[in-house]
Amino acid sequence: MADLKSTFLDVYSVLKSDLLQDPSFEFTHESRQWLERMLDYNVRGGKLNRGLSVVDSYKLLKQGQDLTEKETFLSCALGWCIEWLQAYFLVLDDIMDNSVTRRGQPCWFRKPKVGMIAINDGILLRNHIHRILKKHFREMPYYVDLVDLFNEVEFQTACGQMIDLITTFDGEKDLSKYSLQIHRRIVEYKTAYYSFYLPVACALLMAGENLENHTDVKTVLVDMGIYFQVQDDYLDCFADPETLGKIGTDIEDFKCSWLVVKALERCSEEQTKILYENYGKAEPSNVAKVKALYKELDLEGAFMEYEKESYEKLTKLIEAHQSKAIQAVLKSFLAKIYKRQK
């Protein structure tokens with residue numbers, strides 16, 4: 001794994017160098033420095049799970065055959081395209097949410113001299129994906145499918161973000177709009193497609209597969225993405241911020257979180273009143289009341305039960321798949337996220 005990570009980081013250096021020398025733009029020393037700093041901070045700064053999982057998935061689809069140097073480079077490059085996509089989403093997401101930290105560091109727009117320039121940086125990150133795809137995949141038989149895939153997933157994610165933002169619109173804080181169904185829709189589109197389906201879809205295309213023949217794989221991965229986001233919602237409230245690498249703000253931000261939806265299902269009339277009065281307010285005393293209510297309603301227990309049921313359901317779906325190679329890909333994904341702490 002350490003070896004794969006160092007190979008993966010070497011490919012990042014190649015891709016970054018390509019972009020810093022892009023012939024379509026005359027860079028000044030200052031603009032090249034800005035771009036390099038922005039890329040290192042936002043693209044390279046994450047856990048790299050999504051990107052690395054393209055390489056892992058492709059290896060598993062090759063069923064133990066060693067990858068050629070070219071296959072290794074291309075699978076890493078596709079992994080980095082997903083990391084670029086993630087960086088683009090997060091840079092803009094943090095501005096929209098007015099977040100403070102990301103990955104244990106100040107959000108990019110909070111850095112001195114960055115501010116709203118971060119919006120243009122987000123646009124650049126989005127454009128880089130297609131420059132990488134064009135440079136390294138243009139001659140591949142699956143190039144058009146790759147471009148379509150990235151466009152489709154970006155569109156789905158932006159629509160998920162839209163539902164999230166309009167559901168949690170600041171001027172209309174109405175908890176009655178929140179339900180498990182709305183939560184699922186937001187998560188499916190905003191997180192599951194790009195975080196879970198996209199890495200495996202990239203590996204399948206590289207392996208010469210037609211994605212239309214793998215809708216069952218998409219279904220399992222979307223379900224896995226929903227489980228992952230429910231974990232995220234749980235950790236936002238119950239995990240230690242040091243371990244998590246960020247300060248959870250779902251309560252303050254009036255997020256349509258799995259916890260608040262479950263709380264609404266379990267609340268008495270009196271408890272509902274407490275939730276309505278305190279949810280979505282930034283004062284520490286309001287946040288503390290919501291957290292105390294979550295404890296009272298035993299949402300930790302509800303989450304443990306949900307986690308167990310999800311794991312069993314996903315395992316059953318995976319084991320029903322006819323391809324052992326695809327089973328291995330899906331099992332490796334599930335193993336990475338089951339009972340995670342951050």
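Just so you know, glycine gets a Cβ as well, placed from its N, Cα and C.
As the structure is a computational prediction, the values presented were derived from the model and not from experiment.
The Cβ neighbour count for Lys47 (isopentenyl diphosphate binding site), using a 10 Å radius and every protein chain shown, is 11. Taken residue by residue with DSSP, Lys47 (isopentenyl diphosphate binding site) is part of neither helix nor strand, so it is coil. What Swiss-Prot lists as isopentenyl diphosphate binding site is Lys47, Arg50, Gln86, Arg103.
Within 10 Å of the Cβ of Asp97 (Mg(2+) 2 binding site) there are 19 other Cβ atoms, across all protein chains. As annotated by Swiss-Prot, Mg(2+) 2 binding site applies to Asp93, Asp97.
Taking the Cβ of Asp93 (Mg(2+) 2 binding site) as reference, residues of its chain lying under 8 Å away and at least six apart in sequence are, in sequence order, Ser99, Gln161. The annotation Mg(2+) 1 binding site is assigned in Swiss-Prot to Asp93, Asp97 on the grounds of similarity to another entry.
The Cβ of Lys246 (dimethylallyl diphosphate binding site) lies under 8 Å from the Cβ of Ser99, Thr101, Arg102, Arg103, Gly104, each of which sits 6+ residues away along the same chain. According to Swiss-Prot, the dimethylallyl diphosphate binding site annotation covers Arg102, Lys190, Thr191, Gln229, Lys246, Lys255, on the basis of similarity to another entry.
Note on proximity: of the binding-site residues Asp97, Lys190, Thr191, Gln229, Lys255, the one nearest Arg50 (isopentenyl diphosphate binding site) is Thr191, by Cα distance. Candidate binding-site residues: Lys47, Gln86, Asp97. Nearest to Thr191 (dimethylallyl diphosphate binding site) by Cα distance: Gln86. Proximity of Lys255 (dimethylallyl diphosphate binding site) to non-local residues of its own chain (separation of 6 or more, Cβ distance below 8 Å) is seen for Asp164, Thr168, Asp233, Thr249, given in sequence order. Its Cβ placed at the centre, Thr191 (dimethylallyl diphosphate binding site) has 21 other Cβ atoms within 10 Å. Secondary structure from DSSP puts Gln86 (isopentenyl diphosphate binding site) in a helix. If you compare every pair of Cα atoms in Lys47, Arg50, Gln86, Arg103, the residues listed for isopentenyl diphosphate, the longest distance is 15 angstrom.
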